[in-house]
Every structure is written in C-alpha cells, then in structure tokens.
Amino acid sequence: MSMSELKPLIHLLFPLCVHWIAEEMTVSVLVDVTTNALCPGKTTCSQAIYLTGLQQTVVGIFKMVVLPLLGQLADDYGRKPMLLLTLSTTIFPFALLAWDKSKGFVYAYYVLRTISYIISQGSIFCISVAYVADIVEENKRAATFAWITGLFSASHVLGNLLARFLPGEYIFVVSIVLLIFCPVYMKLFLSETVRTNTRQDQQSTCLTTIFKVLQDRYKSMRNSVIVVANSSTLKRIAYVSFFYELGMSGITSVLLYYLKSSFGFNKNQFSEILMVVGIGSIFSQILVLPLLNPVVGEKVVLCIALLASIIYAILYGLAWAPWVPYLSASFGVIYVLVKPSTYAVISNATSSANQGKVQGFIAGIQSVASFISPLIMSPLTSLFLSSKAPFNCKGFSLLCASVSLIISLCHAWLLKTDEPTKSDGEDNSDHIEAPLLS
C-alpha cells in the first residue's frame with residue numbers, strides 16, 4: 001500500500017487525524033482537571049472514578065442502539081453527513097472546560113461528553129471503515145485499515161506531544177480550534193461514495209414519515225442480525241470483539257486514575273506513557289502489519305495482538321515500580337493490531353452493501369461490553385486503591401480484566417474466515433462504483 005494508493009482517501013484521513021490530535025491532547029490533562037475539581041488536594045479521587053464509570057455505562061447502553069443505527073444511516077443516506085454529525089459533537093464539552101474548570105463546569109462537561117460519546121465513540125471509525133470499503137478492493141483493505149489505525153496512533157503521539165509541552169490553560173483552547181476545523185474541512189472537500197434517494201412523498205404526513213423511518217430502521221437492523229447469524233466468521237468475531245472490549249475498556253476507564261494513585265503520575269508522565277504506545281504503534285501498523293498480514297493472515301495477527309494485550313494488562317496489574325507501566329505500555333505497540341485485524345476480518349466477510357450495517361452491529365456488541373465493564377471495574381478499582389482493600393494489590397481490577405482478554409484470545413484461535421454473506425434482497429445499486437485502488 002503506497003501513498004499514491006491512499007490519495008483518494010486524503011480528504012477523509014486528514015481531518016480525522018486533526019480530530020484525533022485534538023481529542024488526544026486533552027486526555028492526560030483531564031485526570032488532573034477532574035481530580036482537582038472534585039477532590040482538591042488529593043491524589044486518589046473515588047468520585048472521579050465512579051463518574052467516569054457511570055459515564056461509560058450510560059454511553060454503552062445508548063451505543064447499543066445508536067451505533068448500529070448510524071451504520072445503517074451511513075449506508076442509506078451517505079457516509080459524509082454521518083461523519084459531519086459525529087465529528088461535530090466533540091466541540092461542545094471541551095468548550096466548557098476551556099471556559100472554566102470549576103466543579104460545576106466539570107459536572108456539565110461529563111453530561112455533554114457523555115452525549116458526545118454516545119454519538120461519536122466508535123461510530124467515527126465504523127463509518128470511516130465503511131467509506132474505505134466503498135473505494136478499496138478487498139485484498140488491500142487490511143493494509144488500508146492498518147494505515148488508518150497507524151495514522152490514529154501518529155495523531156495520538158502528536159496530541160500527547162502538544163499536551164506535554166503546552167501550558168495547561170491553553171490545551172482546551174487549541175483543542176477546540178482543531179475540532180472546529182475538522183467538520184468544516186470535511187464539508188468542503190470530502191466526496192460522497194453512496195448515492196442516496198432524494199425523492200420524497202409530498203403527500204405523506206409527518207406521522208407517516210416517522211413511522212416509515214422507524215419501519216425501515218427495524219428492517220435494516222433485522223437484516224444486520226441475519227447477515228451476522230449466517231456467517232460463522234462474523235459470529236466468532238463478535239465474541240472476540242465483545243470480550244476484548246469488556247477487558248480493554250475496563251482497563252482504559254481506570255488506568256490513569258490507578259497510576260496517579262499508585263505512583264503519583266501527572267499529565268507529563270501520562271503523556272510519556274501514551275507516546276510510548278503511539279510511537280511504536282505507528283511502526284507496527286503502517287510498516288509491520290501490511291508486510292505481515294499477507295504472509296500469516298488476519299487470524300494470526302489478531303491472536304498475537306490479543307496475547308500482547310493480556311501481557312499488557314497483567315504487567316499493569318502487578319506493577320511494583322514506576323518504570324513497570326512504561327514496560328507495560330510498550331506492549332501496546334502490538335495489541336493495537338487488534339483493531340485493524342478485526343476490521344479486516346469483518347470487511348472481508350461482508351458484502352459491500354452491508355459494510356456500514358455489519359460494522360455498526362459489531363460496534364454495538366462492543367458497546368454492550370463497554371457499559372458492563374465499569375459496573376465491575378469502578379467499584380473494584382476504588383476498593384483496592386483505598387485503605388479498606390482486603391489485600392495489598394492496587395492493580396487487582398486490571399488482573400481481573402486480563403481474564404476477559406484471555407477468553408477473547410480463545411475465540412480468536414477458533415476463528416475461521418469465509419466469503420461475504422449476501423442477504424436476501426440485497427441491492428448494491430445505491431453504491432457508486434468508485435474506482436478501485438490498483
């Protein structure tokens with residue numbers, strides 16, 4: 001996969017990279033902002049951990065419906081409007097923290113960020129993958145997805161560099177400017193790959209129109225279930241995605257608070273750890289995966305990546321010194337290959353007309369896991385970080401999360417690839433015949 005072959009995707013990838021930079025530069029400073037606002041003068045803040053867990057639970061519940069719905073809408077009404085919607089929602093919560101970082105504004109941030117996550121978390125990748133599948137031939141999709149996730153990692157590195165060296169008071173301001181730029185650029189330059197039917201029945205009443213939309217959504221969701229149920233590959237990758245997300249989302253939701261409490265890390269250490277993962281991920285996704293995948297296939301790459309995620313979780317859970325988190329983070333260089341491998345397996349097992357629906361359906365399954373995990377991880381982490389812990393193991397919750405990752409690896413090992421399943425009545429006529437990458 002050369003740069004010339006990625007040229008048709010430039011107006012998708014460039015604004016996505018800017019968006020990811022803007023989001024990532026806020027991650028390391030958010031822990032300090034929320035802890036200082038909710039628990040002034042303390043390094044451990046159970047309130048912030050529980051709020052983050054509650055946020056993730058609410059997001060997971062609503063994403064079960066919203067993600068498949070957005071995938072279906074992207075298939076029916078186009079990728080571009082759905083991307084504009086999902087990218088725009090992130091602007092508002094960060095605008096609050098740019099204005100004020102007091103306790104009331106932090107609570108308001110959590111509310112708006114929860115709404116933003118419901119609409120954008122996972123759906124941006126899902127719709128982008130469907131956009132790529134519209135114009136990239138099947139045997140090049142794995143390499144293309146690797147490039148996208150590699151650019152995602154590169155964006156994280158740049159975002160963390162900005163967070164490391166920018167003064168805290170400027171981080172949210174710069175982030176907002178970048179976030180506003182993304183949908184504006186995409187609106188001006190991104191081409192649509194789906195031909196939509198613009199005809200409307202002028203005699204239809206509002207109630208009839210709403211009923212028809214709901215009916216169409218139900219039929220489309222039912223079609224997604226049928227497509228997945230008829231494919232052994234899609235059923236197995238659904239299990240892989242569920243247990244991987246169950247473990248990894250639980251780790252992600254509490255990790256920075258755990259490091260702050262156990263080792264006194266601040267935004268500088270957080271940025272350094274995140275950059276360790278990001279820099280290595282660029283190399284592994286852009287250079288290693290495109291070379292390795294044609295030789296061993298998506299299944300082997302997926303299994304290796306899941307094994308690395310297990311080691312990652314165990315090392316964090318048993319971290320006995322401040323340097324151990326850096327060692328653990330280095331395994332992120334390998335486990336980041338889970339995402340592009342999963343996208344490739346799903347895409348190759350799905351026909352072109354169902355890309356958005358199936359990617360959205362699998363993402364919806366992941367959202368089920370993401371709302372279950374904080375129900376377990378938040379109280380468990382708070383307990384073992386407190387003085388009431390039954391035994392001395394501050395990372396016990398992370399060790400529990402590794403069990404879910406082991407189950408995911410077992411399902412990946414049983415994975416069998418098959419050809420795309422074409423559902424009854426499937427029609428590809430809505431999709432523009434974009435030129436394939438040679």
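From the backbone N, Cα and C atoms, a Cβ is placed for every residue, glycine too.
Per TrEMBL, the feature domain 'Major facilitator superfamily (MFS) profile' maps to 1-420. The feature transmembrane segment is assigned by TrEMBL to 48-70, 82-99, 111-133, 145-164, 170-190, 237-258, 273-293, 300-320, 358-376, 396-415.
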Report task. Take a look at 48-70, 145-164, 170-190, 237-258, 396-415 and tell me which one has the most Cβ pairs under 8 Å to the transmembrane segment (82-99). Result -> 170-190
Query raised in the report: Honestly, do the transmembrane segment (358-376) and the transmembrane segment (273-293) touch, with at least three Cβ pairs under 8 Å and pairs 6 or more apart in sequence?
Result: no
Query raised in the report: Is it the case that the transmembrane segment (237-258) and the transmembrane segment (300-320) have 3 or more CB pairs under 8 Å, with pairs at least 6 apart in sequence?
Result: yes
Query raised in the report: Does the transmembrane segment (273-293) come near the transmembrane segment (145-164), with 3+ Cβ pairs under 8 Å (pairs 6 or more apart)?
Result: yes
**Report entry** Contact set, same chain, for the transmembrane segment (170-190): CB under 8 Å, 6 or more residues outside the stretch
**Finding:** 11-12, 14-16, 18-19, 21-23, 25-26, 29, 80, 83-84, 87-88, 90-91, 94-95, 97-98, 162-163
Query raised in the report: Among 48-70, 111-133, 145-164, 300-320, which stretch has the highest count of C-beta pairs below 8 Å with the transmembrane segment (396-415)?
Result: 300-320
**Report entry** Confidence summary for the domain 'Major facilitator superfamily (MFS) profile' (1-420), mean pLDDT rounded
**Finding:** 83
